Amino acid sequence: MIKRLNAESLKALGRSLTREYSFVLSFVLLVIIGAGVNKNFFTWSNLSNLFVQGSMVGLIALGMTMVIGAGLIDISVGSQVAIIGGFGILVLNWTGSALVMLLFCIVFGLIIGAINGLLVTKGGMPAMVATLATMSACRAIVNYYGAGGPFTVDKGLYDHFRQLAVGGFQLGGIKIPYLMVIFIVAVILFDIVMKKTKLGKHIFAVGSNEKSARLSGINVDGVKIIAFMVTGAMCGIAGLIYASRMTAVAAASAAVGWEMDAIAGVAIGGTSMSGGRGRIAGTFLGVLMFKIISNILTAANVSSYLNGAISAAIIVLAVLLQNFQNKRR
């Protein structure tokens, strides 16, 4: 009997280790492959560029971890980035202040997130339908006001504003990009919130069993609205960064497909797509893994037009793996 218990314990431990660390092993494998196809992979320039490239989608993915952790989904994030970034440029050109633009972008994102949350909680709409409507509305509005063209930063503000995206500070002879610092700080803050605060625990409680969460006294509607609003705020910051990096926001094409990239990063990182379980550290690694895959494909001369298909394949594989692991529990 002891042997059987030991065998069962070892099997349970093996399943736990597989579930908890499979994505870490996958990350290491991707790094090895990346180094094999790109001789400059381990250069600081390439590694810091991975963080810079992943920062915008990464910020959105942090918020998306909250939304998915609560058993919801938000497919409006790409269109949110476009409309917030586009209108943010108008505010920047009008005021000449990047700080005012930042405040505008965050508040605008909070408002859109609140709308999503209210449509789901008070309107009784499925999250997919509500955010699909918001996605369409945001893209249509930014296209209308931009006449299908770009919102462009005034030339007098160009050099100063662009420093957010391309600038950094020197540390020990190497350049630390501002976007890298912003992303890492955001990851740390989100990790603390999700692990150490009631909000984080309530999000996963709602995603795990909404009825039980409600019976235990959790404000389920409030938790859902907050999750959407935080994601909206992250879209606001990402919209500002996008505008800084491109110095323009093309109404029709800006941030198209970013919702898939963000969801892929969350799924790769081990957050349950049905809610109730997730890790910010996993999302962080998931976003970097996604960018490493893009890096590898670029080195292999694979067309960037296939990015959407690659994101879809990653999401499908991640969900299938989650389902397989759940059946083995």
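Backbone N, Cα and C atoms are what each Cβ position is placed from, and that goes for glycine too.
These features come from TrEMBL:
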TRANSMEM  21-38  transmembrane segment
TRANSMEM  50-68  transmembrane segment
TRANSMEM  75-92  transmembrane segment
TRANSMEM  98-120  transmembrane segment
TRANSMEM  176-194  transmembrane segment
TRANSMEM  222-242  transmembrane segment
TRANSMEM  280-299  transmembrane segment
TRANSMEM  305-324  transmembrane segment
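If you look at the transmembrane segment (176-194), the same-chain residues 6 or more away from its ends with a CB under 8 A from one of its CBs are 48, 51-52, 54-55, 58-59, 62, 65-66, 69, 163-170, 200, 203-204, 234, 237, 241, 278-281, 284.
At the 8 Å Cβ cutoff, the transmembrane segment (21-38) and the transmembrane segment (98-120) share fewer than 3 close pairs (sequence separation 6 or more) and do not count as touching. Outside the transmembrane segment (222-242), and at least 6 residues removed from its termini, the chain residues within Cβ reach (under 8 Å) are 55-57, 59-60, 62-64, 66-67, 69-70, 72, 74, 77, 80-86, 88, 98, 101-102, 105-114, 116-118, 120-121, 164-165, 179, 182, 186, 199, 202-203, 206, 213, 249, 254-255.
When each of 98-120, 280-299, 305-324 is checked for Cβ pairs under 8 Å to the transmembrane segment (50-68), 280-299 comes out on top. Counting only same-chain residues 6+ beyond the ends of the transmembrane segment (305-324), those with a CB under 8 A from a CB of the stretch are 22, 257, 260-261, 263-264, 267-268, 270, 272-273, 290, 293-294, 297.
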